[in-house]
Amino acid sequence: MSQLSSTLKRYTESSRYTDAPYAKPGYGTYTPSSYGANLAASFLEKEKLGFKPVSPTSFLPRPRTYGPSSILDCDRGRPLLRSDIIGSSKRSESQTRGNERPSGSGLNGGSGFSYGVSSNSLSYLPMNARDQGVTLSQKKSNSQSDLARDFSSLRTSDGYRTSDGYRTSEGFRIDPGNLGRSPMLARTRKELCALQGLYQAASRSEYLTDYLENYGRKGSAPQVLTQAPPPSRVPEVLSPTYRPSGRYTLWEKSKGQASGPSRSSSPGRDTMNSKSAQGLAGLRNLGNTCFMNSILQCLSNTRELRDYCLQRLYMRDLGHTSSAHTALMEEFAKLIQTIWTSSPNDVVSPSEFKTQIQRYAPRFMGYNQQDAQEFLRFLLDGLHNEVNRVAARPKASPETLDHLPDEEKGRQMWRKYLEREDSRIGDLFVGQLKSSLTCTDCGYCSTVFDPFWDLSLPIAKRGYPEVTLMDCMRLFTKEDILDGDEKPTCCRCRARKRCIKKFSVQRFPKILVLHLKRFSESRIRTSKLTTFVNFPLRDLDLREFASENTNHAVYNLYAVSNHSGTTMGGHYTAYCRSPVTGEWHTFNDSSVTPMSSSQVRTSDAYLLFYELASPPSRM
């Protein structure tokens, strides 16, 4: 079980920091699990630190719920990695400052969704069709498979196809190209009413739109649908229950063509060689899964992670842990392999991968809107657990490290962490954060070192001439005064004292994920911050935030996960720089288009993916 310590874990388990126990929330409740107002200890140092808050005081924000109180709806806030939800794994959340957003207030994928409005209350058949006794299924939540099956049933079962059109058993001829003016039976009119209702429900589905066009094309009759392909873009108001059974399938985006991979006919694409064309396949939206597609494309363009999957190096790391679960890593690798062996115009269906991620993290079951950062956390945690090289984790040692200098203490803490958590995923994404808490009366300073997967950065308030990423980093690492109700208890003074809290980066990861906190929380509502943050594409120098002297803290941007919309609904896309060609592309679900590097910086940037620069670029 991953032992990356979250703030909530440290607050709940540390006898030094907490006198009163914190109740563990049930599934579906929101609990902040990143750095809040107080400093916390790592799991090995929880008995060593000399500060503890007064028991009646809690500095963690209270949960807040929006919308219906169903499990999936009320569980869209910050994830709590509990063993009863995702098995026996548990890891730290990203390190963040300030209040976290409440339940239901994430940057949610999809568009047109409003919290508090159940999509299951919608009906997609017109009233006249229902009044006439249409025999179609009256389910209020239609999957793509159901729509396709019902659509196929609209054919007159006792009719037959002829060279001049379509005839019923009674002898009436129906011209498919002139249905509106052909004589027809009352049953046929009912079916056309039902057809109209289905068309309204599936008007945004590329697959059913193609079928409708073929149905109305003169001189052709509809083909019998035996198996519906994965949906391309399910209407955002639908709550589909589609459960695909096939592997990753390539479906042609162009209308009127047979399914299967094909090359784009856009100018310039056909002249690209196979090497430069790799990695440009789109991902089909299975229904509000744009948050997942955005993160998958960012990870697909992570050079070392891509090579780990393409070269099948993950196979040697599978099955080392006591848990035999390896399906998530295998499906993720297969998906990356499919993306990188497809033509630019191909669309890959990530249905099998979604099946595995929702088995690992049930919060992603169904087709509700989700937060991209939360999805990234769960995904990396699951991949890490399945390829962890540590077969048997040693028990935590009671050895004290307080007598060591901070630099040596940090190294020892990192060594102890690797004794329990050692994977290729962690090699790429995990860094180490140093937290210090200093008493202003006696000067006693306590330090802890915690692993992190990403950093959540507050966004500077409006009024600045320009908000830069460096401003956000400085705001994250600046000294905070803990006073008043926030005073912790100093064990040396044996009283609550005014203290200074400060963060710094002890160890920089190879892949640095920066989360821009685009939510402003108030007691009334949570709003999205659309502040434009200017971030560099190359040579992001973070050496001033290092806890010790280092020259290895310069990064280059290679991917951005964007969110457009509001807290009530929106859409996720990704901007990625190819590790092969170095060119930027926009990944918008099934659509992949080239873009200029000058277009990468927008006010929709939500997650920034930086890779550690090679020595020549740091000159």
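If you go along the chain as it appears here, the first residue is 1 and each next one adds 1.
Even glycines carry a Cβ here, placed using N, Cα and C.
According to Swiss-Prot, the feature active site, nucleophile maps to Cys290. DSSP assigns Cys290 (active site, nucleophile) to a helix.
Positions annotated as active site, proton acceptor by Swiss-Prot, on the basis of sequence analysis: His571. For His571 (active site, proton acceptor), the number of other Cβ atoms no farther than 10 Å from its own Cβ, over all displayed protein chains, is 23.
As annotated by Swiss-Prot, Zn(2+) binding site applies to Cys439, Cys442, Cys490, Cys493. DSSP assigns Cys439 (Zn(2+) binding site) to a strand in the three-state reduction.
Under the heading compositional bias 'Polar residues', Swiss-Prot lists 1-17 (among others).
Taken from Swiss-Prot, the feature compositional bias 'Basic and acidic residues' applies to 90-100.
Feature annotation from Swiss-Prot assigns compositional bias 'Polar residues' to 134-146 (among others).
Annotated compositional bias 'Low complexity' per Swiss-Prot: 259-269, in sequence order.
Per Swiss-Prot, the feature domain 'USP' maps to 281-613.
For the region 'Necessary for interaction with MDM4' (1-213), the mean pLDDT of the prediction comes to 42. Annotation comment: Swiss-Prot describes 1-213 (among others) as region 'Necessary for interaction with MDM4'.
For 1-23 (among others), the entry in Swiss-Prot reads region 'Disordered'.
The annotation region 'Disordered' is assigned in Swiss-Prot to 54-112 (among others).
Under the heading region 'Disordered', Swiss-Prot lists 133-175 (among others).
Feature annotation from Swiss-Prot assigns region 'Disordered' to 221-275 (among others).
What Swiss-Prot records for 417-517 (among others) is region 'Necessary for interaction with MDM4'.
Cys490 (Zn(2+) binding site) falls within a strand when secondary structure is assigned with DSSP. Between the CA atoms of Cys490 (Zn(2+) binding site) and His571 (active site, proton acceptor) there is a gap of 47 Å, rounded to the nearest whole number. When the recorded positions Cys290, Cys439, Cys442, Cys490, Cys493 are scored by other C-beta atoms within 10 Å, Cys290 scores highest.
When the recorded positions Cys439, Cys442, Cys493, His571 are screened for a Cα within 10 A of the Cα of Cys290 (active site, nucleophile), the ones that qualify are His571. Residue pair His571 (active site, proton acceptor) / Cys439 (Zn(2+) binding site) shows a Cα separation of 46 Å.
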